Amino acid sequence: KEGYLMDHEGCKLSCFIRPAGYCGRECAIKKGSEGYCAWPACYCYKLPNHVKVWEYATNRC
């Protein structure tokens, strides 16, 4: 599974003012294989199926 990580409000996890490597660390915490800042939000690859990712259809932000 891949996609944008979400914050506690269900919005994309911002990386706009974060240091280099921030998204990779956040993706690793969620057990993803890798991630990067797809400006302005963190995008992850190979996440476990139980991890919730941002979806356009259910966007509230």
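Including glycine, each Cβ sits where the backbone N, Cα and C put it.
Since the structure is predicted, the reported quantities are computational estimates derived from the model, not experimental observations.
Marked as domain 'LCN-type CS-alpha/beta' by Swiss-Prot on the basis of sequence analysis: 1-61.
Every protein chain shown contributes to the tally, and the Cβ of Cys61 (disulfide bond) ends up with 9 other Cβ atoms within 10 Å. Reduced to three states, the DSSP call for Cys61 (disulfide bond) is coil. Annotated disulfide bond per Swiss-Prot: Cys11-Cys61 (among others), in sequence order, evidence recorded as sequence analysis.
Cys15 (disulfide bond) falls outside any helix or strand according to DSSP and counts as coil. Per Swiss-Prot, disulfide bond is recorded for Cys15-Cys37 (among others).
In the three-state DSSP assignment, the secondary structure recorded for Cys23 (disulfide bond) is helix. Among the features that Swiss-Prot reports, disulfide bond is placed at Cys23-Cys42 (among others), with the record citing sequence analysis.
The feature disulfide bond is assigned by Swiss-Prot to Cys27-Cys44 (among others), with sequence analysis given as support.
Here Swiss-Prot flags Cys61 as cysteine amide.
Closest by Cα distance to Cys27 (disulfide bond), from the disulfide-bonded residues Cys11, Cys37, Cys42, is Cys42. Taking a C-beta cut-off of under 8 Å and a sequence gap of six or more, Cys15 (disulfide bond) has these contacts in its own chain: Tyr22, Cys23, Cys37, Trp39, Pro40, Ala41, Cys42. DSSP gives Cys44 (disulfide bond) a strand state.
Note: the Cα of Cys11 (disulfide bond) and the Cα of Cys44 (disulfide bond) are spaced 15 Å from each other.
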